[in-house]
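Data block below; observations after.
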Amino acid sequence: MKTRTKALLLTSAVSLSMLGSACSAPASTAASTDAQTQAQTQETVQDASAQVSANETEVVAEGQQTPKYVFLFIGDGMSYPQIQLTNYFVSANNQDGAQTVNVDGEDQTVLSSQNNLTMMQFPVAGSAQTYDSTSFAPDSASTATSIATGYKTWSGSINVSTDFSQEYETIAEKLKAQKDYKIGVVTSVNLNHATPAAFYAHQASRNSYYEIGLELIESNFDYFAGGGLLSPTGSEEDQTDLYQLAEEAGYTVVRTQAEAEALTADTGKTIVIEEHLADSDSMPYAMDLEEGQWGLADYVEKGIEMLDNDNGFFMMVEGGKIDWACHANDAAATISDTIAFDNAVAKAVEFYEEHPDETLILVTGDHETGGLTIGYAGTDYDTFLTNFNNQKLSFAKFDSDYVSGYKENKTDFETVMQDVTELFGLAAPAEEGASTTQQKDSADMHPESNNDGTLEMTQYEYDLLREAYDTTMSRTGEEEEFAQDEYIKYGSYEPLTVTITHILNNKSGINFGSYAHTGLPVEVFAQGVGQDNFSGYYDNTDIYNKLAALTGVE
């Protein structure tokens with residue numbers, strides 16, 4: 001830890017008001033004495049925890065080889081439900097040759113599954129709890145801070161203490177300064193978003209995008225790749241462009257895939273921006289990529305080429321769109337981006353196989369998003385995961401390419417339904433007013449489709465969709481607050497779109513319970529030098545502590 005020398009000595013009330021909208025500050029912050037007491041208590045707990053962790057990791061480090069190449073993969077919003085759903089989806093689509101048995105004269109397929117994902121095949125698996133100084137359902141800024149520095153902080157804060165008087169040095173900064181490792185940061189969302197920022201920035205608010213961007217440049221890290229920078233000219237658009245400042249600081253900034261493909265290790269410090277930016281200037285969802293367009297794995301592969309050197313390197317890779325898909329309750333996009341994330345992990349494994357005695361790969365999450373469950377009240381004990389093959393594009397692309405046009409052109413519901421059937425496979429009930437009982441067998445009520453647009457909705461589902469269409473068409477797009485009933489049904493998302501994904505999710509036997517984060521623990525998969533240290537059940541701060549001990553940084 002080092003004392004912050006910049007203007008972080010703000011009053012608690014002012015600083016806490018800056019915290020990201022993902023989670024508000026504690027109510028007690030209005031009273032300075034309560035805030036000081038709480039901050040002092042937090043620092044005491046953290047100091048004690050840090051001492052225990054230091055003693056523990058000294059033992060861990062004794063006699064251990066130091067990994068020369070370290071990969072840290074963080075699936076944002078990815079906990080056990082996201083991994084298991086993706087794994088089961090792959091299994092459901094690979095039942096060819098499955099065992100069959102004859103039951104009452106009919107051949108029945110015996111369901112089977114295995115560890116299909118690369119990360120699931122790692123030799124060591126652990127679990128980490130994720131709470132922060134604000135909540136048991138934390139945000140990305142604070143949880144990434146814990147992983148990067150070993151300290152807890154408020155939701156919405158990045159690498160600063162709870163009284164905002166100190167900043168915490170990150171594992172990436174320490175490896176750069178103490179070991180001369182090259183450092184890479186790769187993400188499918190914005191490069192100055194919360195998780196990537198937690199490896200180089202120190203801000204009271206995750207929303208200080210311009211200031212975070214300045215710290216990105218000041219970090220002197222070697223390879224950044226992913227989505228575009230948010231607020232590159234400041235919140236008032238009156239600051240010097242961050243990309244210009246980066247180039248003046250010696251960075252090569254590339255914005256096309258062709259330029260990225262041409263990069264070599266001799267290029268030097270580089271910032272690679274995805275050519276085809278999508279929602280919020282992030283990378284597109286994996287299911288929206290065009291043929292030949294780079295995905296997360298390609299940026300990791302290029303990063304390995306750019307960072308490989310005799311001293312070693314550290315690369316943090318974030319699958320950020322997993323989180324965004326879960327916030328929107330889009331299970332199909334969640335699955336496809338989790339697969340894309342796992343494909344990126346596979347690139348690190350290929351490198352590991354060439355350097356097995358020098359490489360450590362860690363795969364974890366920062367928190368769970370969406371309250372995802374495998375199982376839904378309306379389908380009893382059944383799941384129909386191949387239904388997700390019906391969905392042809394993400395919720396975000398449907399919003400931008402279709403819903404915006406519906407609203408502008410006042411498209412009628414019957415025409416909209418044609419797109420819904422083509423793009424999501426959901427068809428209107430065969431008979432208007434047809435009904436069935438919930439007690440009817442769910443396999444009859446929600447038959448698995450042939451992926452040809454024949455996934456027929458019940459009248460209940462159809463009515464929900466029609467209501468959502470009416471709500472979408474009545475909105476101006478400027479709404480910021482919603483009535484409780486509307487928020488429970490739609491969150492802050494486009495009513496038509498989120499209702500479509502809800503119906504498809506539920507007909508597949510999947511459900512989301514939230515549009516926000518939950519308090520589930522996250523997985524920690526490990527392979528390589530020091531892998532055994534990451535088994536067990538521990539706090540997310542110990543991911544940093546164990547990694548710091550293994551690499552020998554102080």
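Cβ coordinates come from backbone N, Cα and C, glycine included.
Per TrEMBL, the features are as follows:
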- 1-27: signal peptide (SIGNAL)
- ASP76, ASP323, HIS327, ASP366, HIS367, HIS517: Zn(2+) binding site (BINDING)
- SER140: active site, phosphoserine intermediate (ACT_SITE)
- 430-454: region 'Disordered' (REGION)
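Listed in sequence order, the binding-site residues from ASP76, HIS327, ASP366, HIS367, HIS517 having a Cα within 10 Å of the Cα of SER140 (active site, phosphoserine intermediate) are ASP76, ASP366, HIS367, HIS517. According to DSSP, the residue listed as 'active site, phosphoserine intermediate' sits within a helical segment. Annotation for ASP323 (Zn(2+) binding site): same-chain Cβ neighbours under 8 Å, separated by at least 6 residues, are ASP76, GLY77, MET78, SER140, THR369.
When secondary structure is read from DSSP and collapsed to three states, ASP323 (Zn(2+) binding site) falls in the helix class. The Cβ of HIS327 has fewer other Cβ atoms within 10 Å than any other of the recorded positions SER140, HIS327, ASP366, HIS367, HIS517.
Within 8 Å of the Cβ centroid of the Zn(2+) site, not counting the listed residues ASP76, ASP323, HIS327, ASP366, HIS367, HIS517, the chain contributes GLY77, MET78, ASP139, SER140, THR143, ILE322, CYS326, GLY365, GLU368, THR369.
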